[in-house]
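Quick look at what TrEMBL annotates:
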type: TRANSMEM; residues: 30-52; note: transmembrane segment
type: TRANSMEM; residues: 102-119; note: transmembrane segment
type: TRANSMEM; residues: 125-148; note: transmembrane segment
type: TRANSMEM; residues: 205-230; note: transmembrane segment
type: TRANSMEM; residues: 250-270; note: transmembrane segment
type: TRANSMEM; residues: 404-424; note: transmembrane segment
type: TRANSMEM; residues: 436-458; note: transmembrane segment
type: TRANSMEM; residues: 479-500; note: transmembrane segment
type: TRANSMEM; residues: 506-526; note: transmembrane segment
Amino acid sequence: MSSRRRRSSAATADALGLVESTSYARLTALFSHALLTVALLVWINVSSPFVLSSVLAEELPAHAIGSATSRLLLADELTALSLYLPVGLASDSSKWGLKRSAVLGYGIVAGALCAYVRAPTLEWLIAARILFAMGGSTLVTTMSALLLQMSAIPDEVVYGSTSPSLIPPQETFAETATETSQLLSRRGGAQTAAKKLRKSSRSAGILAFASGLGAVVAVCGFLRLPLLFARLDASSDPDSPDALRYGLRATFHLLAVVALVQAVFLAFALPAAEAESFEPDEALPVAVALRQAAAKLVEGFRLGGKDGNIALGFASSFASRAQTTVTNAFLPLLIERYFSKYHLCDASLDQSLPQNGRQSCRKAYLLASALTGVVQLLSLVLSPLVGFIASSESLSRRTRHPQACLLAIACMIGATAFLGLSRLPHDGDPRSPLTWISASGIGVAQAAGVVLSLALVTTGRGIISAEQDGREVAGALSGAYSLSGGLGILIVGGAAGFGFDRWAGAPFALMVLVHVAIAAGSALLYRRS
């Protein structure tokens, strides 16, 4: 029976482009790790506006929620960017290993989730968010490393393959992991290698699909849990702010337990460090590895100055990560502010409520969940379709540069959608039909932005390598691509929060400018092609 099971798992692994020794337990570990990592990362963003307005309602004034959101985003991203490389080195170390990194990451995330909804002040909340970012960056790095470790990637692959299944369907930190794995392929021309590459695309597709599904689970599943727990609170009205506060805390604690359960599962499902790491004599000193990584990063941006495809891909990565942040963090905040301002909460008739309406409510929560769910679901569904269209031969025959052409169209759709959110009728009423149309447009732009940015960098990599006698530049481009996305979160996310306190439409108006700039760059590249 065990022999039959091993043959079955080997056949499944081969069909998915994984090494034949991959067991069902390790395959489940990869899928569950990617899904839960992205779900937790998306959850922390979409729930933060309600944590600020509910848990810190008495401590934080209404006009400061936008700047508080920006401070949380900046603390999160700065911490994550500083830890990606050290965590990667630790995961490759024979003394520590990938399994210990992943288990520790989930442990840190569990502690941060419990602390996040117990923070008495904004400063404590920021500290809890930094702790969460430490665990989250560890999970993202180990997710990418686990895929690379399990993928049956040949020594030689054909340049220029951009299988749609390699394209990650959503943003969050998970985009970086899937994008990095896509850019790590090597050069070659053998027909057998090309066939194996197509199989390795399937393995990356597992991560891409799990990541997209994780985002959908966060906004369509996790975001509904506080309302469910609120109904179970017998001490207060299910629609009251106290009940929602109770529901938020219960949900965060439940997800902390889920993270701990996942940590225990990975501890048993993943092999020990000695079986998965580099040999000790192959490991570089940390200082040398850091210097080499920094040099690669500089080289990546230098290559972007030489090739328009790479430059546009970096810019699109910047826009895609910024768009995801604005959508997940500021769309729920826009809804919450409007409902509080106009006393539209279910519990607004309760005499115990403050007269300024500064309380989170069930209606706002439901609308935020539905709108962000539309964005994430469309992004998940459309990502493979965009990749297929961008790589189709028929479109290549009809236009000089299909990737640039599609990106320009997608950016104009995104600009129009964000313009609609910034100019909602009736003093910014998010219940307007225009909000749903805008959310759909954002979903289209999000899917296309991630897919096409990666395709552009891959195209530029082939051109640069051909010009330089086959020199591999994948690692340099991967690092610069990921950093470009991180800068998008830092710059746009920071500016959007401070602008939101002055005008609720500021984050969305800022994204209009970003999308128009990317569309102009796409048109310029199209003309020069």
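From the backbone N, Cα and C atoms, a Cβ is placed for every residue, glycine too.
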Check: Does the transmembrane segment (250-270) reach the transmembrane segment (205-230) with at least 3 CB pairs under 8 A, where each pair is 6 or more residues apart?
Finding: yes
Notebook entry, point to check: Would the transmembrane segment (479-500) and the transmembrane segment (506-526) count as touching if the test is at least 3 Cβ pairs under 8 Å, pairs 6 or more apart?
Noted result: yes
Check: Taking contact to mean three or more C-beta pairs under 8 angstroms, with sequence separation of 6 or more, is the transmembrane segment (30-52) in contact with the transmembrane segment (506-526)?
Finding: no
Next item on the list: Could you tell me what the rest of the chain brings near the transmembrane segment (506-526), counting residues at least six beyond its ends with Cβ under 8 Å?
Entry: 308-309, 311-312, 315-316, 318-319, 322-323, 326, 330, 334, 399-401, 404-405, 407-408, 411-412, 414-415, 418-419, 421-422, 445, 449, 492, 495-497, 499-500
Next item on the list: Sort out the residues at least 6 away from either end of the transmembrane segment (404-424), same chain, that have Cβ-Cβ distances under 8 Å to it, and list them.
Entry: 312, 316, 319, 323, 326, 331, 334, 386, 389-390, 430, 432, 434-435, 437-442, 444-446, 448-449, 452-453, 456, 505-506, 508-509, 511-512, 515-516, 518-519, 522-523, 525-526, 529
Check: Short question: which residues 6 or more past the ends of the transmembrane segment (102-119) have a Cβ under 8 Å from it?
Finding: 33, 40, 44, 51, 55-56, 125, 127-129, 131-132, 134-136, 138-139, 142, 146, 248-249, 252-253, 255-257, 259-260, 262-263, 266-267, 270
